[in-house]
């Protein structure tokens, strides 16, 4: 019985993308699996009328198609419905008798490789002809088809029974395998109504005992919980809300059947719920703007870039299969379709020649991605922008703007720009294809010129790098060639305009006179007298075409030994030439002279300098000088008590050493006490001739002669200190003093001075102690603690006054033990007085005195104190206006301390030394 298999989704093309030629559509990579997720098989009603489907009857001629991507791999198929089987070639056939197909039958086919652990699944639905069949492949047709799938789910799922068979005599039994529950398909985004019944779960034992049904798993009692529920009595299973395949594509639940006591009646069964995908997601590009590039002049088929879009829908169905196409190209130059795109991979390639960056540097392409395999009728689309930059190649040689350039340059000038060579290059600016490189190919054999490229303008700056001479070359004819830093592209030839000529005119200028030999070296013996002519140091004027007069002057003569003739340059000495002078370096004396012309023909004067070097030949004009000038030896002749002497001579060979050292014959004591022995040509040794010489300082004359012709001699004195020595041959301290010239008398005088100084210091100390003792022996009438004369009491407290501080003022009052003083009337009181007669009456200060009366009050109190017969014969403390218990005087704090400055306190200076301090405090405000 042959039936037709209706395919709901397009079969994926199998094969590899390798080997695709440029410009051809790229094949998608091979993905193993079924070509469709859902197959529908329609069986004719006539075939089933009055008969059953026989075993081994083929049901499909088009088979379930599976791509394994490896032709050698073995794949096995297993059906979830034992009534149907699948042959290795994918043909579906009946495994046992089928009574009828009044209700659609749906089962799963599983594929597994022999050596591959992965598993692939697809669903096959078998329906009777005449039932509603799939509509044409449109969006409305798909929705109606999915609703039929929704409504065509099996209504009742029974718990499978376990059948037992007898086997062998030993009582072993073989258990028949359980039925495989087909999956439940639920379309996503359903509009309801909800809850919607999916299937009914029932047990065959529900007639005998009360059964309670339940489901567990993700979506039921586990997150996301509440999507599925079941009526525990009837076993009806419901979906409670719309599903979204992009959030969750499948659910695995388990159905349970227990009795009223909670005892398991049936083994749990697995329920697989698949969410059927709908096209509810548009393709999304990874970037809204893509940037790519391709070189200009590229051949057709050159790869440019790739755009990629993804669809959240099922990629194995048409809902998630994205196809690309180009909507527009801007600009349309040279043709509107310069590029094409692989509809499956998104690769953009060129399809035509003629890309020219100098004409169009960038193309803007709008790319559209559409799902449903690109079906524009019901597929969802999205767009993105592809910006294609045309990269530059060196296809335009640089061209000079004119065939001949000209310029002029003054002679003897360097780093002068003669002219700028302008060039045109249509390649991308400031790139190696645009940067110009200039070369001089002829006309400058001596290398007077060079061309530097201006990095901004790309112009060639023809520059003088070596001075040119008008008298040698009045003009130059150069040939210049320009090229780029990068080589020209293949097939591009250089332009004839890349070569040009340059004419350069040399301007004549007034050149300074030039000394033919500079510097000039001459040789003379030192000691040449003044007025001697040394040489003629003349200069030449290089301006042959202008007759000018050259004059000379001296520019530098450190020792002022020379003079030059103004007209002819003759050099004459003005002083004696001395080789040993500080101005001579390495026997050479240098002087600089100036030569200048008269600057005719409107040109300014030009001057040149020349250096004269005089090499001075040495003559023996300096006598040798003895070295060293001071030494010391021991008073007794010892092997190591000797003095090494030498000489220095300002002359040079052969007028220096070897030197001759000798002692003069007069005075006779020199040769009697000392002797000189020769060590080498430049050194000799002076030592004692006698065993002992009294310690002292001796000046010994020594005659030194050089080897000049004739030789020069010099009588020099060497100061020798003779001193006692220790065992090591070193002068002792006493001996050193004696040798320094201090006699016994001088030493005694120094010691006497030291003794006198110490005696004076001792007497002064004794006098000071005696004076201190006398001062302490003088008795006082008052307690030293109460004596405040010449004392400063420091309280380390600062405040606003007695009224502002919480002080115990009783400490400032008079001692209470002096009752006879406390009982005195208010007035001036003395803390150390001893009353023997009636007290004198002192003036009493009013309770509220005026500040101007202070002076009168103090004066009256002083007068009364001076006339007081009870006063002691020395100065003592007077208490004016005692402030304390029972005092009628007001507080000092009541006085205004911020004086206006009008009060004059200078009169206090007239009251004697006792008030001078007070006058300084109040009368010296201006000085502060």
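Heads up, the Cβ atoms here are built off N, Cα and C, so glycines get one too.
Where the annotation comes from TrEMBL, it is an automatic prediction and has not been curated.
Bear in mind that the values here come from a model prediction, so they are computed numbers and not experimental data.
In TrEMBL, the feature region 'Disordered' is placed on 296-315, out of the ranges 296-315, 316-335, 336-355, 356-375. Per TrEMBL, the range carrying the annotation transmembrane segment out of 723-745, 746-768, 769-791, 792-814 is 746-768. For the domain 'Cadherin' (625-732), the model gives a mean pLDDT of 83. Per DSSP, the domain 'Cadherin' (516-626) is made up of 0 helix, 47 strand, 64 coil. When the domain 'Cadherin' (178-285) is classified with DSSP, helix, strand and coil residues number 4 helix, 49 strand, 55 coil.
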